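The following features are taken from TrEMBL:
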- 5-296: domain 'NAD(P)-binding' (DOMAIN)
- 133-152: region 'Disordered' (REGION)
- 139-151: compositional bias 'Low complexity' (COMPBIAS)
Ligand code: NAD
Ligand code: DAU
């Protein structure tokens, strides 16, 4: 596998994967990205020009997608509308990109025989009670809650059907919440870090006790590369790093690392349908593909992420006012 196509490679996790692959392998990478509000060419700066190419385009554009599939050995599909709050205020682009876009890629994979890895989320499984001893596994029934997670669930099911019915050579991974550099400031951790930089108190939805299972984006990238290289066609792999934390715990760590009193945050109106808890059992990935996460110290990872946002205000400042204007409408 010498030549990868990465959809959504100008977004948070896609760009992390592109950096990871170019730093750790000899592969060449083409990014296909529409550059929506969430995509940034600044996230792709500093890559080796002889092994990297950028194509601006829409994954729903069948002729462009088919031409690109034919010219690459494998495709890793990150492109999506990714933010739950946006899916509640305007679901239409989620249906278009996450469902029609994935369908378009699957038809191109069918026509060209190109290997496809589909990136998905643990949110397809719905949520767990805070005191549930279980975690999500590959056999947990799908039960998505939001327009975002239901379109991701639908895209997973399309992939499964195209594997079984048409023999498309695809794998799927469902990962928990990512953190790290270059994440859009609409998301929880960068929103709170940049609020504190701006002297604004962090805002927690509801009672702040919802739990997310955090993983560093570089660990997600190493897992995806491992699945691409060694995963069994037709299989689904869950990706996680035992990072369960309540939103209160996360914000208190951020505040402490930023030298602000740990109670200096506010509780605000809850997200409609807010999932309580996600938790990933990633033992299949460990046992079958011998993968382990490297970033096990969440506090150190947050400290590095805070340092990145402090040092890269030019990257995030252009996003901030628009993201906060959207939150002002919903009371978040
Ligand atoms: P993001 O919103 O930061 O980036 C999405 C990228 O896709 C952007 O660059 C955007 O321009 C591009 N894009 C959107 N619509 C497109 C279209 N129609 N055609 C081409 N490009 C388009 O998202 P992210 O957080 O990096 O998530 C990437 C993928 O990972 C998504 O599929 C998401 O469901 C999945 N995922 C995210 C997380 C997380 O914690 N962020 C966890 C698990 C899975
Ligand atoms: O689990 C994987 C998913 O994680 C991905 O599929 C999604 O693409 C990604 O956005 C993320 O979804 P969440 O909804 O969990 O992430 P978000 O950053 O929006 O919120 C994380 C938690 O923090 C959630 O419980 C809501 C809460 N929150 C969020 C914001 C923006 C707050 O309390 N305050 C906030 O200001």
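Note that Cβ sites are derived from N, Cα and C of the backbone, with glycine treated the same way.
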Could you pull the average pLDDT for the domain 'NAD(P)-binding' (5-296)? 98
Let's see if you can do this one: DSSP helix, strand and coil counts over the compositional bias 'Low complexity' (139-151), in that order. 5 helix, 0 strand, 8 coil
